[in-house]
């Protein structure tokens, strides 16, 4: 009976995490891509690039604080893969997390397509931007770099034992804002394979999709590996850092449930 009860509880916890990832990714795409729809439809009504970037940033921060204590708030297959690569997330959950994230992105894309009209579905796509778009190599490089920075900031602001974890969502939202400002006009600033794959499926357009699958994963793994290296080399002195006191602060991102989802 005891083992059966524990098994059911473990199954329920996993389902809760997957539902949280699905809903979180849905919210991310609905708010982020939704702002891009508004900008495209009403370009003269002052929803500038900065406004779109702020929409993405606030959405990410809100989602981190909303579901971080449930699933770890990955909302990105590249994050799940990279965290598993450095041993901060179980590999066996990566496929399920990625599927939940992809479904969430697709549902959000379908919602936006329904609300704004099917002829606007192309706005969901992440593609090289402009009349003279950057080369594939340039776009690959940009996506690797911004996702590298993104995951490095996530790890340092949430995973590191000396981090002020209560501000993790703020730090993550801030780096999203800057990345969208810098890379948005060049690559569309994906950093998230689920976002790009979901959009491609909804819009029936798979042009250059490979860039937005491979590049974020490479960048994410690189960012996590750098964090892992820095954590190893500074581990002995971590206890001496004044900021280490922040570990005693109770925050949602320090919830014990996150040990299972990788944020510990």
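Every residue, even glycine, has its Cβ placed from backbone N, Cα and C.
What you are looking at is a predicted structure, and each value in this text was computed from that prediction instead of being measured.
Feature annotations, reproduced from TrEMBL:
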type	residues	note
TRANSMEM	12-33	transmembrane segment
TRANSMEM	53-72	transmembrane segment
TRANSMEM	93-116	transmembrane segment
TRANSMEM	139-159	transmembrane segment
TRANSMEM	166-186	transmembrane segment
TRANSMEM	209-230	transmembrane segment
Interface-richest range of 12-33, 53-72, 139-159, 209-230 toward the transmembrane segment (166-186), CB pairs under 8 Å: 53-72
Cβ pairs under 8 Å between the transmembrane segment (139-159) and the transmembrane segment (93-116), at least three: no
Considering the transmembrane segment (93-116), which listed stretch of 12-33, 53-72, 209-230 counts the most C-beta pairs under 8 Å: 12-33
